[in-house]
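> Handing you a structure now.
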Amino acid sequence: MKENVASMIVFLLLLFLNIRLLKGQSPPGKPFIFKCRSPEKETFTCWWRPGADGGLPTNYTLTYHKEGETITHECPDYKTGGPNSCYFSKKHTSIWTIYIITVNATNQMGSSVSDPRYVDVTYIVEPDPPVNLTLEVKHPEDRKPYLWVKWLPPTLVDVRSGWLTLQYEIRLKPEKAAEWETHFAGQQTQFKILSLYPGQKYLVQVRCKPDHGFWSVWSPESSIQIPNDFTMKDITVWIFVAVLSTIICLIMVWAVALKGYSMVTCIFPPVPGPKIKGFDTHLLEKGKSEELLSAFGCQDFPPTADCEDLLVEFLEVDDSEDQQLMPAHSKEHSGPGMKPTDLDPDNDSGRGSCDSPSLLSEKCEEPQANPSTFHTPEVIEQPEKPKANVTHTWDPQTISLVGKMPYLSVNGSKSSTWPLLQPGQHNTNSPYHNIADMCKLATSLDKIDKDALQSSKTTEAAGEEKATKQREVESSHSKAEQDTGWLLPKEKPPFISPKPLDYVEIHKVNKDGALSLLLKQKENGDQTGKAGTPETSKEYAKVSRVMDNNILVLVQDPGAQNVALFEESTKEAPPSPSQNQAEKDLSSFSTAPSDCRLQQGGLDYLDPACFMHSLH
C-alpha cells in the first residue's frame, strides 16, 4: 500500500512539470542597447531593446561605471527618456569620460545581461532640429525675385557661447514633386533660393549638425505659394526687346532700299586705282610683262635661247676689217692724221666676260700699264727713208694674209680681241649689224682679196694701191661704226690647248639677221694629222674677219699668252735689216703655230696672229 502512494506522488510531480513547460515560462532574453544621444553635449540618454521575457514578468536594470573605476552605478532616471531608457542629467554627465553601460534582465526563471556599450558624450551629440522656419518671396529692384528662408538654432543648444557650432542644410521641392532639392547653408541661419517656378507650392525643411556628431532630424515642413506673376516682368522685358529689334530692322531695310549704293560704298569702299602716271591697268590684267616694264622705263627680260643654238643665234660679227688690214709696223710710220690710241685697261663688250669669271679675275689682277694696241690709220703715206722703198718678193698667199691679218709687235705682251674706243669716239657700234652692211663688208673684202692675189711684188705703188683699197673699206663702213683699237693686255702663264684651228662657213642668213654657220675643218697638208672635230661651243664667239667664199675666221681669246715662246722664237729667227715690220711679226709667230691657241677656264678665243702659220 505504501509503495503505491509513493509512485503516485512521483507521477503527479512529473505531470506538474510538464504542464509548466507547456505554458512557455523561461528565463528572460538578452537585452540590446541600440542608441545613446546627447542633444547639447551636457546631458545624454540611452535606449535599449529588451529580449524575450520567458512568459514571466521581467525587471530591467541599467548599470554603468566610468573607465578606470570599479564602482558600479545604476541609472539615475528611467522616466525622462521614456520606456526602456535612462537619462543622465548634468550632474551625472562628464565630458571627455568614457562610460561603460550594461542592461540586466531578471524574472522568476532567471536573468540575462546585455553587451557593454562604450559612450563618449562628445561623439554622441545629435541636436534637435532648428526651429521657427520662415519662408518669404522677395522682389528686389535691381535683381530677380528669390525665396528667402530663415530659421533659428535648437533651443537647448548654446550657440552664442560657442559651446557647440552647428551647420545647416536645407531641402525643398514642389508639393507634387517626388525628389527634394538640397542646399548646404553652412553656419548661417538664412538662405536665398533662386529659379523657382511661378504658381507652384514649395515645401521646405531644415536640419543641423555639430562639428563632431550626427545630423538632426528634419524640421517640420514649411510651405509657400509662389505667385504667378513671378516671371511676368521678365516676359514683358523680352517682348519689349523683340518689338524694338523688329522696328530697328525695318528702319535698316528702309534705309538700304533708299540709299543702298551709298551705304554699300560707305561700308565697302572701292579699291583705289593705280596712282602711277602712265600706268596702264589693261597691260597688268593681260599679263604682258614686257609692255608693262617698258611703261615704267625698265629694261626688258634678256632673250632666251636654246643652249645648243647659242653659236648661231648669238654670233658676234666684227666688221672693222680696216684695223686688221694694217700691219703692225704702221704704228711706227703712222701718218700725220693718225692719232695715238689711248690705253684703256679693258672695255668689256658684255658678250664674253659675263660668262667667264676667270677672265674678269685675271684682268683685275694683271697690271694695266703700257698695253700694246693696234692702230687703223686714216691715210697711208709713203715712208721717207730709203730702206722703206726696198722691194720684196712675196707669194700671193702671203700678200693676201698680210692685207687681211693684224700682227703683233715683237715687244708686245699678248694680243687681245677686246675692242677699245678711240679718243675721239663717243658712241659704240653694236656688234650685231644689219644684213645689208654685212653683205657690203663681204663684197669689199672679197674685192681686196682678189686684188692682193694678182700682185706679185710689194712696191711703193702697191702700198698706195693698198691704201686706196683701205679707204674704200672705210667708206663702206662710215654708216656702221668708227675705227676701233685693239688692246693687248699683259699676260699670265698660259695653258696650251690641243684644240686645232677651225673655220666656219656662212650657211644662210635668217630673217632676224642671225648667221647659220657650218663648221669647216682647216685644210692644210702638214696639219691634217692634228686636226680634229671641233667641240660644240655653248659660249659666244667673235668673228675676226670675213674671207673669200663667205668664210668667217673665228677669234677666240686665250686666257693667257706665253711671252717666253714669242721671245724664244724671235731669237731663233732674227729679222734682217731689209725686212719690214710685217715680215718680223710673221717670222716670230710662224715658229710656234701649235702654241698659238691657248685656253683658260672662261671663254675660248683665238688670237688672229695664230692664223698666219695655219693658212700657209
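Cβ from N, Cα, C; glycine included.
Quick paste of what Swiss-Prot says about this protein:
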| type | residues | note |
| --- | --- | --- |
| BINDING | ASP211, HIS212 | Zn(2+) binding site |
| COMPBIAS | 463-482 | compositional bias 'Basic and acidic residues' |
| DISULFID | CYS36-CYS46 | disulfide bond |
| DISULFID | CYS75-CYS86 | disulfide bond |
| DOMAIN | 27-128 | domain 'Fibronectin type-III 1' |
| TOPO_DOM | 25-234 | topological domain 'Extracellular' |
| TOPO_DOM | 259-616 | topological domain 'Cytoplasmic' |
| TRANSMEM | 235-258 | transmembrane segment |
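Could you place the listed features in the three-dimensional structure?
For the recorded site, ASP211 (Zn(2+) binding site), the DSSP three-state label reads coil.
For the recorded site, CYS36 (disulfide bond), the DSSP three-state label reads strand.
Cβ contacts within 10 Å of CYS86 (disulfide bond), excluding its own Cβ and spanning all protein chains shown: 27.
Secondary structure counts, DSSP: the domain 'Fibronectin type-III 1' (27-128) has 6 helix, 47 strand, 49 coil.
Mean pLDDT for the topological domain 'Extracellular' (25-234) in the predicted structure: 90.
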> Tell me the Cβ neighbour count for CYS36 (disulfide bond), meaning other Cβ atoms within 10 Å of its Cβ, over all protein chains shown.
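Excluding its own Cβ, CYS36 (disulfide bond) sees 23 Cβ atoms within 10 Å.
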> I need the least crowded one of these disulfide-bonded residues (CYS46, CYS75), counting other C-beta atoms within 10 angstroms of each C-beta.
CYS75
> Express the distance between the Cα positions of ASP211 (Zn(2+) binding site) and CYS36 (disulfide bond) as a whole number of Å.
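For ASP211 (Zn(2+) binding site) versus CYS36 (disulfide bond), the Cα atoms are 18 Å apart.
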> Which residues of the same chain, at least 6 positions away in sequence, have a Cβ lying under 8 Å from the Cβ of HIS212 (Zn(2+) binding site)?
THR122, TYR123, VAL125
> Pop the Cα-Cα gap between CYS46 (disulfide bond) and CYS86 (disulfide bond) into the table, whole Å please.
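Distance between the two Cα atoms comes out at 5 Å.
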> Can you grab the distance from CYS46 (disulfide bond) over to CYS75 (disulfide bond)? Cα atoms, rounded to a whole Å.
10
